[in-house]
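Colleague: Just lifted these from TrEMBL, have a look:
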{"type": "DOMAIN", "residues": "1-442", "note": "domain 'Major facilitator superfamily (MFS) profile'"}
{"type": "TRANSMEM", "residues": "68-87", "note": "transmembrane segment"}
{"type": "TRANSMEM", "residues": "99-117", "note": "transmembrane segment"}
{"type": "TRANSMEM", "residues": "123-145", "note": "transmembrane segment"}
{"type": "TRANSMEM", "residues": "157-181", "note": "transmembrane segment"}
{"type": "TRANSMEM", "residues": "187-205", "note": "transmembrane segment"}
{"type": "TRANSMEM", "residues": "268-288", "note": "transmembrane segment"}
{"type": "TRANSMEM", "residues": "300-322", "note": "transmembrane segment"}
{"type": "TRANSMEM", "residues": "329-348", "note": "transmembrane segment"}
{"type": "TRANSMEM", "residues": "354-377", "note": "transmembrane segment"}
{"type": "TRANSMEM", "residues": "389-411", "note": "transmembrane segment"}
{"type": "TRANSMEM", "residues": "417-437", "note": "transmembrane segment"}
């Protein structure tokens, strides 16, 4: 991913390269292609740990008057993520979790490989958008599939420590790969190959029994449930589904779910709107802090690693909170922590670099904890027939936040505290609104709209 770097990040090259458009130059912006810098002579750039990213930018002239393309590239990736969030929920609700999971996984892996051969910024960006569509689609569908297959206690572990910890491990490996693989094409290849290793999982991962039941495919669901019972050493009852209940469920499933069902009543509409805001503003905080990592004081690789490793304790805390405390208070409390700490950064003296980095990481800790709990919370609020659609829609809302986030970082070029003030204020605000959502802690997953809880007050 192309980071939203501020102009100060490239200051280390202004003295050594004859490029008048580099930071802090009073000269008119010149054409990098016609400058004395030879793009074929990459040794100096590749040996510089802090500034090799400029090689990529100069290759496609993403500097000077075209420097707006850098944050736009990140934003367009998240536009793809937004589109994927929208269509993945409806596709998997209609065609099944498993088939859409592997189809979108193939899209992500295939187009990431093609991206290696990009010959222009436009080609790279279009492929990046499609990769974003596939990436979020398989992430959301995999989460829902695991949520519907696993039992209550294991479901919480899967959705926090399972999915999120492995996400953090991948995040930690990124700066390690980037440190040793300086060519962006080879780095992209190294990050794409592992997707092929997921192919054998087709014969291991079953379809969601809950989805099969919601579609009236009881025999297929029964086969999967009995196989799971045998694997776990449990004797399944002779009759899993009562004939009367099956008939009632078939009548309920005659009506297909559509996106407007998330707004079908006033109560459901309020829950949906508040959930959309919660996801979007939390996403702005999370991605804003993540994308701003290269602009922090110190080594960019170390800061990126710290930004990744802080997510591990954040996910552990989220898991413990989900096990013991109500969802609303847990999410709201961690949002207050993250937002409050970020707002405090503006009071830190300029020379206290370590303290500033520490506060950024603490803010990332709080927001990450809240973010990881949103998937569990949202999936517990909505009934089976629209659960994946609801998670997809709210995830889509979070991608609106991620599209905006690079421009929050870009504002740091004008005032380095402005991004923190905006992100902190929005995070605290949504933490307050979260307290008005219904509580799902201790309740079974709803199967119908009638079983959805009502908004508090």
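Even glycines carry a Cβ here, placed using N, Cα and C.
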Colleague: Which bits of the chain, at least 6 residues beyond where the transmembrane segment (329-348) starts or stops, bring a Cβ under 8 A of a Cβ in it?
Modeller: 278, 282, 285, 289, 317-318, 321-322, 355-356, 359-360, 362-370, 373-374, 377, 417, 420-421, 423-432, 434-435
Colleague: May I ask which of the stretches 123-145, 300-322, 417-437 has the most CB pairs under 8 A with the transmembrane segment (354-377)?
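Modeller: Checked against 123-145, 300-322, 417-437; highest Cβ contact count belongs to 300-322.
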Colleague: Please give the sequence-distant neighbours of the transmembrane segment (123-145): residues at least 6 beyond its ends with Cβ less than 8 Å from one of its Cβ atoms.
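Modeller: Sequence-remote neighbours of the transmembrane segment (123-145) are 60, 72-73, 76-81, 83-85, 87-89, 91-92, 97-98, 100-102, 104-109, 111-112, 114-115, 159, 163, 205, 208, 375, 379, 387-388, 391-392, 395, 399.
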Colleague: Which range wins on Cβ pairs under 8 Å with the transmembrane segment (389-411): 157-181, 268-288, 417-437?
Modeller: 268-288
Colleague: Cβ under 8 Å to the transmembrane segment (99-117), counting only same-chain residues 6 or more beyond its ends: which ones?
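Modeller: Contacts of the transmembrane segment (99-117) (Cβ under 8 Å, skipping residues fewer than 6 from its ends): 84, 88, 91-92, 124, 127-128, 130-131, 133-135, 137-138, 141-142, 145, 185, 188-189, 191-192, 195-196, 198, 201-202, 205.
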Colleague: To the transmembrane segment (157-181), which of 187-205, 268-288, 300-322, 417-437 is linked by the most Cβ pairs under 8 Å?
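Modeller: Out of the listed stretches, 300-322 contacts the transmembrane segment (157-181) most.
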Colleague: Near the transmembrane segment (268-288), which residues from the same chain, at least 6 beyond its ends, have a CB less than 8 A from one of its CBs?
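Modeller: For the transmembrane segment (268-288), the sequence-distant neighbours (Cβ-Cβ under 8 Å, at least 6 residues beyond its ends) are 78, 261-262, 331, 335, 338-339, 342, 363-364, 367-368, 370-371, 374, 378, 381, 390, 393-395, 397-402, 404-406, 408-409, 419, 423-424, 426-427, 429-430, 433-434, 436-438, 449, 452, 455.
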